[in-house]
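Below: the structure, in structure tokens.
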2 protein chains.
Amino acid sequence: MSKTPVVRRMNADDAGFTAELDQLLSWESVSDAEVNQRVVDIIAQVRSLGDAAVLDFTRQFDGVEVDSFGQLELPQARLQQALENIEDDQRAALQTAAERIRRYHEHQRQDSWRYTDPDGTMLGQQVSAIDRAGIYVPGGKATYPSSVLMNAIPAKVAGVAEIIMVVPTPKGEINEMVLAAAAIAGVDRVFTIGGAQAVAALAYGTESVPAVDKIVGPGNIYVATAKQLVFGRVGIDMIAGPSEILVVCDGQTDPDWIAMDLFSQAEHDQDAQSILLSPDAEFLDKVQASIERLLPTLEREDIARVSMAERGALIQVRDLDHAVEVANRIAPEHLELSVADPEALLPRIRHAGAIFMGRYTAEALGDYCAGPNHVLPTSGTARFFSPLGVYDFQKRSSIIFCTPEGASELGKVASVLARGESLTAHAKSAEYRIIKD
Amino acid sequence: MSKTPVVRRMNADDAGFTAELDQLLSWESVSDAEVNQRVVDIIAQVRSLGDAAVLDFTRQFDGVEVDSFGQLELPQARLQQALENIEDDQRAALQTAAERIRRYHEHQRQDSWRYTDPDGTMLGQQVSAIDRAGIYVPGGKATYPSSVLMNAIPAKVAGVAEIIMVVPTPKGEINEMVLAAAAIAGVDRVFTIGGAQAVAALAYGTESVPAVDKIVGPGNIYVATAKQLVFGRVGIDMIAGPSEILVVCDGQTDPDWIAMDLFSQAEHDQDAQSILLSPDAEFLDKVQASIERLLPTLEREDIARVSMAERGALIQVRDLDHAVEVANRIAPEHLELSVADPEALLPRIRHAGAIFMGRYTAEALGDYCAGPNHVLPTSGTARFFSPLGVYDFQKRSSIIFCTPEGASELGKVASVLARGESLTAHAKSAEYRIIKD
């Protein structure tokens, strides 16, 4: 146990709490000027040199030794081989997870609709899938087969015709489970490239990598910056920062469970954030003791320790209503309501990526297999972003079909408004459709 | 009539057509390095100096003479006064349009849902409105009251608690109908600011302008660039380029109607794009003659003439199937299906912002009052963006509620997958919930 506290303690009733909380939460999801300029350069090179630039960057950044770009694409047979290579229980777990994820996401599919106005005008919305999606799967430190399922399955459910996956393989290291997950999810093509260069290749296309319509999935600061810069050329899902969890506990859950739930974020990344809110000061002491006792048992102790010390907090609140208020201010990625009656709190939760209800619903269950997506808005962006979903791979076209009489009536209104805007070609175009008495 | 052709003619069967089309369509929605740097600087100044910076930029760029920032906010009484000031037929037209827009957008509202798995796990999605929306209404050359309705009404329908509108007033010029539309739509606060400085103020907040969660609405290149740069800090709807129309005609519509429909885009902006596809070469000749004859009758002839000459085209296709193929390649903002049986083509239209069916449904009707939104994806981005809608002001939270038994079963799957990813705190957190036999 170290001498410095393993995690900070705060009280939400203290003067200055709001400022202290804002300080703790502050995170610039966008990158600094230097990172930005490097990413701008990488994108420019990929746009002008295509495969050759991507190949160069991949050798340079990922330490991958290949002779030609062709070696950076994995054939379908390789994915199938991975599916056979992994352990039986791993394959079964991936398949169970895939099936649950598919079932959940099918509820998100949106359908076209239309209705007819009293004047006979048909109005509606045609919903369709995007043609081609690019999914970014992080490699390196943390390679997540579950991320493949979470990115690709919603695209499949939406009806995307072609899914292109990119996953970096630093020093050529490849994760068999990632490839097996790609096989299960029905990914069409896989390139072992990553970073800003992979995002640029997907956005603009190269000789080998087809340009996609939308790029989704989490990545590091270079990936996040590149996604922001290509936004508009292609769609993107969101800009992801480090992972976070906020646990609201009434003090009746096993403190070891809560400590481990906090660690399940803290072990991701030194920048990850784990915060506990409870009205029970004695319980906060117990969780702190659990944290101190359990930290040394973690395989990723070093990462978790830094994360807990730098960005973690155990915060005392007045009561559960106060906890909800603070939670809405934080707008957390993951929110665990580890309380006796989570349904009582749910309607008042305004901002959260995913909500884990009750003592048994550990956030880790949601990460893998409960069904909902684990690609979630971070850093307070749950105020406006949603979990990755089928809706990210669908788009809408408005439909208007006027009868001659309906066009005549609407034409009169449009004409007045168009002339009010001094747009007389608009007005005349509408007026041509007005039926002369 | 000028000697140079008023509009280019193309044939989709020509060798090199695709390259020529791509050239015609090419438009960089993102700005060049110089514009980008100016916008970066404006945002930085607004972040550090707040009101003072916005006031300075507003004086400088809009030529507005005010003593204090307070004068840049319009009180509700001013909006009501505008509503009384405008002509009766204008007020009635705005109210009719508002009512139709509201009715259409109510169909877009998404509801929360939940279901229970066979193992007793409750899964769902809680849909909620964003707290505060910022709407950007262009001023200057083209001030559009209809844009106020199109931006604000979907936010209202979604249940957004507070709508902040910004509209620049170059040289202090203010459009009464814009203010009247704000009153009708229920806009909460109006600031007469614009450009990148308005976007920065909405994204980061100043002493006077509250920070919003999402910024929507079209604007010029500075606005578009600023929206892209603040994306991630706040949500944005899309990045808008110049307006476009694609008309598909079987050759049986009055050529004057088609010419005027093309002008209704061309008069917006020299960069606007108007394209006609028809299998009937003789009809294309007739439309060209109409264009030549009607251009001099337009109030905005100068703008429309440049737009038609620089970016317009009359394109001959083999047949209507071929027209659909070319239309999907263009992915137009506005698509008019000016044909006898538009329903026959509709299911094959994969990408379009809004689809206007039949000869009577002029695009101008949709701009104002048919009901669907006129804030639409431009420059081929209908491949992945949707019309502005209620869904832009709603967001989702995933919900998971496991029974003890359900958590135990899911815990086993999660444990296998977490250990496969070497995330042992995740694994232990899940394993705590496994019921020991």
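Including glycine, each Cβ sits where the backbone N, Cα and C put it.
Sequence annotations record features per position, and here TrEMBL assigns active site, proton acceptor to A:Glu333 (among others). Other Cβ atoms within 10 Å of the Cβ of A:Glu333 (active site, proton acceptor), summed over all protein chains shown, number 30.
A simple way to gauge crowding: the CB of A:His334 (active site, proton acceptor) has 27 other CB atoms within 10 angstroms, across all the protein chains here. The annotation active site, proton acceptor is assigned in TrEMBL to A:His334 (among others).
Sequence annotations record features per position, and here TrEMBL assigns NAD(+) binding site to A:Tyr136, A:Gln197, A:Asn220. For A:Gln197 (NAD(+) binding site), the count of additional Cβ atoms within 10 Å of its Cβ stands at 28 [all protein chains shown].
What TrEMBL records for A:Ser243, A:Gln265, A:His268, A:His334, A:Asp367, A:Glu421, A:His426 is substrate binding site. Residues near A:Asp367 (substrate binding site) in space but far in sequence (CB under 8 A, at least 6 apart, same chain), listed by position: A:Ser146, A:Ser264, A:His374.
For A:Gln265, A:His268, A:Asp367, A:His426, the entry in TrEMBL reads Zn(2+) binding site. DSSP assigns A:Asp367 (substrate binding site) to a helix in the three-state reduction.
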Q: Would you mind pulling the DSSP three-state label for A:His268 (substrate binding site)?
A: coil
Q | Where A:His426 (substrate binding site) sits in the secondary structure, as DSSP reduces it to three classes | A | helix
Q. What is the separation, in Å, between the Cα atoms of A:Ser243 (substrate binding site) and A:Glu333 (active site, proton acceptor)?
A. 7
Q | Max CA-CA distance, Å, over listed NAD(+)-binding residues A:Tyr136, A:Gln197, A:Asn220 | A | 13
Q.
Rank aside, I only need the closest one: which of the binding-site residues A:Asn220, A:Gln265, A:His268, A:Glu421, A:His426 has its C-alpha nearest to that of A:His334 (active site, proton acceptor)?
A. A:Gln265
Q: Report the same-chain neighbours of A:Gln265 (substrate binding site): residues 6+ apart in sequence with Cβ closer than 8 Å to its Cβ, ordered by sequence.
A: A:Ser243, A:Glu244, A:Ile245, A:Ala272, A:Gln273, A:Ser274, A:Ser307, A:His334, A:Glu363
**Q.** Spatial neighbour of A:Asn220 (NAD(+) binding site) that is closest, considering only the recorded positions A:His268, A:Glu333, A:Glu421 and their CA atoms
**A.** A:His268
**Q.** Between A:Tyr136 (NAD(+) binding site) and A:Glu333 (active site, proton acceptor), the C-alpha gap once rounded to whole angstrom
**A.** 19
Q) Of these binding-site residues, A:Tyr136, A:Gln197, A:Ser243, A:Glu421, A:His426, which are close to chain B by the rule of a Cβ under 8 Å away? A) A:Glu421, A:His426
